[in-house]
Each structure stands twice: as C-alpha cells, then as structure tokens.
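Trainee: Okay, these came from Swiss-Prot:
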- SER150: active site, nucleophile (ACT_SITE)
- ASP318: active site (ACT_SITE)
- HIS348: active site (ACT_SITE)
- ARG220, ASP349: substrate binding site (BINDING)
- 55-354: domain 'AB hydrolase-1' (DOMAIN)
Amino acid sequence: MRSDLLPASGTYADIPIGEVLTEAGASIPETSLRLYAFYDAAEQAAVPTPPEERPIVLIEHALTGDGNAADWWADMVGVGKPIDTAKYLVLCANALGGCAGSTGPSSLHPEGGFWGSRFPGLSIRDLVQAEKQLLDVLEIPRVHVIIGASMGGARTLEWSLLYPEMMDAILPIAVSARASAWQIGIQSAQIRVIEADPLWHGGDYYEAGMGPVWGLGEARRIAHLTYRGELEVDERFGAEPQQGENPLGKFRSPDQRFSVEGYLDRQAMKLRNRFDAGSYVTLTDALNRHDLGRDRGGMNAALGNSTVPTMVCGIDTDILYPYHQQEHLSRNLGTFLGLSQITSPTGHDGFLIEARQMGNVLEKFLVTAEKLAKDPEQRANILQQHHH
C-alpha cells in the first residue's frame with residue numbers, strides 16, 4: 001500500500017487515476033477521484049495502528065453523497081461505532097461523475113473549458129472501474145469488505161461481480177439487481193425537469209455562472225418523496241396548509257401551499273445549495289443503466305455466479321427499492337450470507353435514520369466477514385452449499 005498517498009485520517013486527497021474508458025466506449029482522460037480515509041487511534045491507545053496493518057472497509061455513497069462517510073453516516077462510522085475507525089482503515093471516494101471533488105461534468109476539461117455536455121454517459125460499472133483504478137494507484141490489491149446503500153449498493157454488487165477476488169464479503173443495502181421500469185421512469189422524469197430548465201443549455205451552463213438550480217430543486221422534490229415512507233409523510237403533513245397560508249382559496253396561488261409543499265421546498269433548497277445539476281443528471285442516468293445481468297446472461301445467472309459472500313439488507317417501507325427486490329437478490333445470490341430487514345416508517349432513507357437497527361446489521365455483518373477472512377474453509381463451504 002502506498003501509505004504516502006493516503007490522506008491524513010479524517011481528511012481527503014485528490015488522487016489522479018489516469019484515463020477511464022467507459023463501458024459504452026467513451027474516454028475520460030486525466031481523471032481524479034477525491035478519497036477520504038479514516039484510521040483513528042483507539043481511545044486508550046497512544047498511537048493508532050498504522051493504516052497498512054488494518055483490514056480495509058470500502059464504503060460506497062449514495063446518489064448525492066460524497067466521500068466524507070463519517071459525516072453523512074455519523075452514527076455508523078467512527079471510533080467505537082459499528083464501522084470502527086480505530087480498528088479498520090475506512091475508505092470512501094466521491095464517485096466518478098460527482099461534484100464533491102472527483103472528475104465530473106463541472107470539472108475543467110483537459111482541453112479547456114468545463115466538461116459539461118462533453119462528459120460521457122456513465123454506468124454503475126464505470127464508477128466501479130474508476131475506483132478499481134484508484135485502488136491500483138494506492139497499490140491496494142484487496143479490501144476486507146465493501147458496504148454501500150442505494151446507488152452505493154449498486155456499486156457494491158458490481159464490485160463483487162467485476163473483481164470477486166478483491167474482497168472477503170459485501171453488504172449491499174436498499175438496492176436491486178437492476179433498475180426497474182418504475183425506477184427508470186421516475187428517475188428520467190427528474191432528468192427531464194432539469195433539462196426543461198432554460199438555464200440548462202444542454203449541460204453547458206458552467207461558463208455562464210448561473211445554472212439550472214430551479215430544475216435541480218424540482219427534481220429533488222420528486223426524488224425526495226421516493227426516499228421517504230408514504231404513511232410517514234402523510235402522518236407528518238396530511239392535507240394541512242403551510243402555516244399562515246391558504247391552499248383552498250378562490251384561485252390557486254403558488255405562495256399558498258400545503259404543508260408538504262413547504263417541506264419539499266426546503267428539501268429542494270438544501271440540495272440546490274450543495275449539488276450540481278450536471279452531476280445529478282449523470283449519476284441518475286447511471287442508476288437507470290444499472291443491470292447486473294447485462295452481458296452476463298441475465299440478472300439471475302449473474303447473481304447465481306457470484307462467488308463473494310453477500311449479506312443483503314432492505315427497508316420494509318422502501319418505495320424506491322421495494323423490499324421484494326432485496327428478497328430477489330437473496331433468492332438468487334450464489335454465495336448468500338443472510339437478509340436483514342430494517343423496520344421503519346421512513347422508507348428508503350431508513351438506512352440513514354434507523355441508527356440502532358442499521359448498526360446491528362453492520363455489526364452482525366462485520367463479525368461474519370471477520371470469521372470468513374480468518375477461515376477460508378468456511379468461505380469454501382458457503383460456496384459449496386450454493387453451487388451444488
């Protein structure tokens with residue numbers, strides 16, 4: 001491992017990974033990924049265990065996430081937390097195509113100007129390929145486990161099929177074997193709204209200094225409803241008016257809102273302030289292209305051929321990736337460790353909200369993964385059970 005390239009614990013480094021060739025045949029030259037690393041000292045220890053002596057946990061973030069996993073998954077990642085940064089070397093990189101430090105549409109193009117509309121379409125496999133190149137640069141031949149939820153879960157599954165020899169076990173959370181027609185439909189509706197913003201300019205708005213933030217906010221309103229639970233949203237807001245407003249007047253007026261509209265307005269504003277529309281379109285399109293079965297004989301064959309021990313986790317009220325999709329993974333995975341259900345009214349976002357349940361699942365998974373790493377025979381046995 002090139003410890004000299006690792007950022008100090010809790011910080012990031014931008015690591016050049018060279019050219020990335022996409023699954024569809026496009027080239028992204030001079031690419032770099034922003035990598036966060038966490039390897040703290042234990043509370044009693046005077047000095048931390050050096051990172052090169054630790055098992056590696058690779059975390060994959062969701063659509064609008066970034067590499068700072070100790071921030072967006074604060075209950076899970078840290079000293080003494082389920083993913084213990086005093087025990088593991090925890091790595092998390094901003095995805096290719098993102099806008100939190102890695103090369104994406106808002107990055108400068110090597111030939112001048114911004115990438116913008118010149119940035120190619122990406123698949124989930126392309127995001128994994130870029131991360132593989134990152135690990136190659138760091139001279140990390142394998143990791144202990146890979147854990148990811150939502151888009152991160154899609155990358156986790158692709159990692160296990162593209163480079164099965166590089167990990168002991170994986171935990172994909174709240175994801176499916178491929179994008180469903182419903183997901184593609186609602187996600188492409190979000191893309192259309194951004195493209196309909198007059199400031200989109202075909203993706204080339206970076207020079208203008210003003211971007212399609214209206215469209216991005218509207219896309220987030222749609223998306224956010226798919227991240228929550230239907231009953232939870234109704235319980236919180238019902239058909240109540242926004243405080244001091246009247247949505248039942250003589251004429252409909254955009255400043256006379258229902259309470260839930262005010263909530264979605266706040267969610268839209270939060271994302272507008274921290275995310276780029278070009279990255280939103282690129283990564284949402286990558287989710288539309290998610291299909292483990294492509295060029296592998298279909299998704300059930302692809303799952304059946306998986307040789308990486310896999311624990312699956314889902315949320316009972318998930319609208320975006322319904323629990324039956326995790327059950328489907330479980331039935332078909334070649335090397336299956338178990339299926340855990342998080343019970344929550346909050347839907348897809350449950351993996352971020354239900355800290356106690358999520359922590360239990362992670363701890364159970366990491367104990368199992370450690371046993372597998374120590375006892376290769378056990379892994380062989382699991383494989384045998386499934387491939388008889």
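Note: Cβ is positioned from N, Cα and C throughout, glycine not excepted.
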Trainee: Could you give the mean pLDDT over the domain 'AB hydrolase-1' (55-354), rounded to a whole number?
Mentor: 98
Trainee: Counting Cβ atoms within 10 Å of each candidate's own Cβ, which of the recorded positions ASP318, ASP349 comes out highest?
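Mentor: Counting every other Cβ within 10 Å of each candidate, the maximum falls on ASP318.
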Trainee: With Cβ-Cβ distance below 8 Å and at least 6 positions apart along the chain, what are the contacts of HIS348 (active site)? List them in sequence order.
Mentor: SER150, ALA174, THR226, TYR227, ARG228, ILE315, ASP318, ILE319, LEU320, TYR321
Trainee: Write out the long-range same-chain contacts of ARG220 (substrate binding site), meaning residues 6 or more apart in sequence whose Cβ is under 8 Å from its Cβ.
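Mentor: The answer is GLN190, GLN267, ALA268, LEU271, ARG272.
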Trainee: How many neighbouring Cβ atoms, not counting its own, are there within 10 Å of the Cβ of SER150 (active site, nucleophile)?
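Mentor: The answer is 26.
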